[in-house]
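Trainee: Quick one: the structure is below, and I'll ask about it shortly.
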Amino acid sequence: MKCKAILIIEDEPDLRETLKDLLEISGFKVLTAANGREGLERIQSAGEPCLILLDLMMPVMNGWQFLEALQDERFLDYRTSIVVVSAAADTADVDKKYGCVLMRKPVNIHELINLAHEHCDAA
């Protein structure tokens, strides 16, 4: 059985809430965080998500630092998929180094919903 929660780690409030609303309308449980540090706190308090949508450019703890912390602390089971959602040009190694899927901003909503269905159960 797949787990149900999707964790969105995005510092832009409008985008974070829009993605949350779209995924919830599609039947998914969604948790949010405004930066990598909050993302780690959500994982510690709520348990492992089925999917993480991760921005790279954020204050406090950016996406690269979040990925490093995940590896260092072994927060996640290897089954958790991470989708890097970024407009940044410097994302070439994210798939090779961390095994993440890369989704460019602006986000293709149909692609996002399909990814969510692949990795998570709708509520």
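Just so it is clear, glycine is given a Cβ too, placed from its N, Cα and C backbone atoms.
In TrEMBL, annotation is done automatically, which means it is predicted and not curated.
What you are looking at is a predicted structure, and each value in this text was computed from that prediction instead of being measured.
Not my notes, these are from TrEMBL:
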type	residues	note
DOMAIN	5-120	domain 'Response regulatory'
MOD_RES	ASP55	4-aspartylphosphate
Trainee: Pull the DSSP breakdown for the domain 'Response regulatory' (5-120) and write it out as helix, strand, coil residue counts.
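Mentor: Secondary-structure composition of the domain 'Response regulatory' (5-120): 51 helix, 24 strand, 41 coil.
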Trainee: Tally every other Cβ atom lying within 10 Å of the Cβ atom of the residue listed as '4-aspartylphosphate'.
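Mentor: Summing over all protein chains shown, the residue listed as '4-aspartylphosphate' has 26 other Cβ atoms within 10 Å.
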Trainee: Mean pLDDT for the domain 'Response regulatory' (5-120), as a whole number?
Mentor: 87
